[in-house]
Amino acid sequence: MKHVGGFCAVRIVCILRWIIVILAVIVGEIANFAAYAFAPAILVTPLGALSIIISAVLAHVMLQEKLHIFGILGCVLCVVGSTTIVLHAPQEREIESVKEVWDLATEPAFLLYAAIVIAAVIVIIIRVIPYYGQTHVMVYISVCSLMGSLSVMSVKALGIALKLTFSGMNQLLYPQTWTFTLVVLACVITQINYLNKALDTFNTAVVAPIYYVMFTTLTILASVIMFKDWDGQNATQIVTEVCGFVTILSGTFLLHKTKDMIEGSSQSLSSRLPKHDEEDGVLDHEGVPLRRLDSLRPK
């Protein structure tokens, strides 16, 4: 009976932890959503790297995972890059109606960008994924990143609409608000679907840094085109922001590339096995699974 009681207590603790984690994720996503309504995407998106630092520190404190010198250096680089971007980020433009956001989204430059993104995603899904989706990590991540850049623009537009609504100017009466909502749903569903496929096929530690780099870069590009974040800035400010972004990318890459490095050993992430068993295929030099040759032969 004591054994059964102890087992039940362990299950209750696990369930409570799971609930706490889910609630924390929900609160974090809500806060991230709200941030886009008050700050430019060129500032909010790169700062997502701070979650990597927090995760590394919590893992060191709570899970007793050792944070070696390269991990500490990666955290420092992320902090320095984030501080640089915060100090030189452009001011959020004043928008008084969701119609203004719609006008920005329907300008020729952004329409061209959106058309290129949608066309590229369709080509990748139809022509590339069936042949290379299981062997090249960039295929799934490209779809996630391209759709992610559109989803962030739509989330920002929806966030602005809700912010104005809560301040007393009801934006729910405009069809543009609901159009942005539908775009958010379509982009997020597509993004999550192919991100899950990437995580299921390839090593998570390989997917995460590549996805962060591509998603953040394309999001900044989309924001610059749609909201013209750099129009009011000089060359020095723009170069400084780019340098801060590159610093964050370097720190993120270093954290993920060396997260499993054993102290005193040169073993790095490239030697980690992917999610699939080694028997299912061989590995390339980046630890990405390759199918057996016989599985690629026509039957």
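Even glycines carry a Cβ here, placed using N, Cα and C.
Here TrEMBL flags 7-27, 33-58, 70-90, 110-130, 137-161, 173-194, 206-226, 238-255 as transmembrane segment.
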(request) Compare 7-27, 137-161, 238-255 by their Cβ pairs under 8 Å to the transmembrane segment (206-226) and return the stretch that comes out on top. (result) 137-161
(message) With a cut-off of 8 Å between Cβ atoms, can you find at least three pairs linking the transmembrane segment (110-130) to the transmembrane segment (70-90)? Only pairs 6 or more residues apart in sequence count.
(response) no
(request) Using a Cβ distance cut-off of under 8 Å, indicate which of 33-58, 70-90, 137-161, 173-194 has the most pairs with the transmembrane segment (238-255). (result) 70-90
